[in-house]
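Copied from TrEMBL, the annotated features are:
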REGION    1-20  region 'Disordered'
DOMAIN    78-477  domain 'Major facilitator superfamily (MFS) profile'
TRANSMEM  81-103  transmembrane segment
TRANSMEM  118-139  transmembrane segment
TRANSMEM  146-164  transmembrane segment
TRANSMEM  176-197  transmembrane segment
TRANSMEM  209-230  transmembrane segment
TRANSMEM  236-256  transmembrane segment
TRANSMEM  302-328  transmembrane segment
TRANSMEM  348-372  transmembrane segment
TRANSMEM  392-412  transmembrane segment
TRANSMEM  418-440  transmembrane segment
TRANSMEM  452-475  transmembrane segment
Amino acid sequence: MPPPDCSRRQSAPKADGCRADLGNVPITLDELEIDSYFASRPRTEGPSSTQESVIVTWNGEDDPKDPYNWPLSKKWRATGIGLLASFVCSMNGTILTVAHTAIGNEFHISDATFPNTYWLTTSWGIGAALCPLLLFPVMEDFGVRPVLLTTYFCFISFLIPVGLAPNFATLIVVRFFSGGCVPLISDAVAGITSNVFHGDRARSVPICLYVTIYLAATSLGPVVGSAILQFLSWRWIGYIELIWTAALYPILIFGLPESRGPAILRAKAKRLRREGTNAYTTEKIDRVALPQLILQSVQRPLYMLCTEGVVFVATVWAAFSLGTIYLFTQSVEQVYKELYRWDPIQCGYVQVAIVIGELLGGGFCILTDPWYYASATRNTEAPGTPIPEARLHVSIIGGLFGVTGGMFVYGWTSYTSIHWMAPTVGLAMVGFGTTAVIVGNANYLIDAYSKYAASALGAVGFVENISIAFLPLAAGV
């Protein structure tokens, strides 16, 4: 298979159709590139005939079944339910980190020379990196609702062995599969957001909320884990997480509509075939073979990562920022325990500062969105179109002031003679910067790479998950 042409700013329509990860924050680009899709897709009054079959399309531009035409209340209901599912699942990556001492004592795992108990999070990150590459193409044909419900059920199933684990190896295995489920759930949720909101301006706030909620949930994991561990054993972290995750499942079943346009049309075509009409969708007729889809899903992101300098830099930038958040799950306990004589539970609580910073970062991205649209007046190549590089303003501010500045504050103020609030401010600054970096980089790649944005974001997501898996291991070396 020849290498794809992935040069920047493709003039071709945005029709990659691949899935991608917005960092460990996955998002689907067959929905993100809806501007050209919305303008070019056929609109007729019902099915239109060809020589061989009936092609099912929307019943005009105002078809109420088209997710773009849903009432605003229905759009936000579907988005809100999806964001809640993403929030609940994303905490799973870090919620056990505060219990590493208790787990190590029970299973006789020593962290004296190496943070062996962190392998629970490492296996989670590896699963999150590998499973989407292979499973996203397979799940393409099923729509958002079946993918989310099925994967969410599997995620619930993998929570059961956490509290019942007879040994450390069991925890590592189930954590691998739990990590593999979360990006698939998050991708489905991102698909809801981009399926129902049409245009950059309409999608801006929902996508920023989506990224911020993922990051905040990740950093909130140790806080929630500490609250449970303060009164119960570490196994109850798994039990309680299982309870609240399972409690959300009926809400997903009864409250989440299918939002992917092609899936809705396929259901319509299937109903017509049962009635005797030879009806298909254009997607059904033009379907690419599954092995080719899987090969493309794996090959193109890695090819772009190795050959596109912009993708490589954006990937390293975002992966380091997100990996730092996971690094703090190890570093915070070491610093606050040694300097301020805090116990692991107190060390978990202090990480709420990162959450506060991430929420402020999300608000900053929303408030500075006009900077991007104002750049349209300076675009000499395509007058009236915002400049993709304008998306990086928030990333630069977040990277310098937030991530870099926050780590300097965290390091320079970590002394017993300085109040514990000083390094805590550094934690909040890093949370702020990480949100700005990930949101800005992702939006830039979407605008700059157009047709191949899905593959570019897939490369970012793969490396980010590798980063969160292995970077924190350095904290104990």
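FYI, residue positions are counted from 1 along the chain as it appears here.
Cβ atoms are placed via backbone N, Cα and C, with glycine included.
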Query: Any chance the transmembrane segment (209-230) and the transmembrane segment (146-164) are in contact, meaning at least three CB pairs closer than 8 A with a sequence separation of 6+?
result: no
Message: Do any residues, 6 or more residues outside the transmembrane segment (418-440), come within under 8 Å Cβ-to-Cβ of it, and if so which ones?
response: 22-23, 25, 207-208, 211-212, 215, 219, 317-318, 321-322, 324-325, 328, 332, 335-336, 339-340, 350-351, 353-358, 360-362, 364-365, 391-411
Field: Selection from 118-139, 146-164, 348-372, 392-412, 452-475, the stretch that has most Cβ pairs under 8 A to the transmembrane segment (302-328)
entry: 452-475
- request: Compare 81-103, 118-139, 392-412 by their Cβ pairs under 8 Å to the transmembrane segment (146-164) and return the stretch that comes out on top.
  value: 81-103
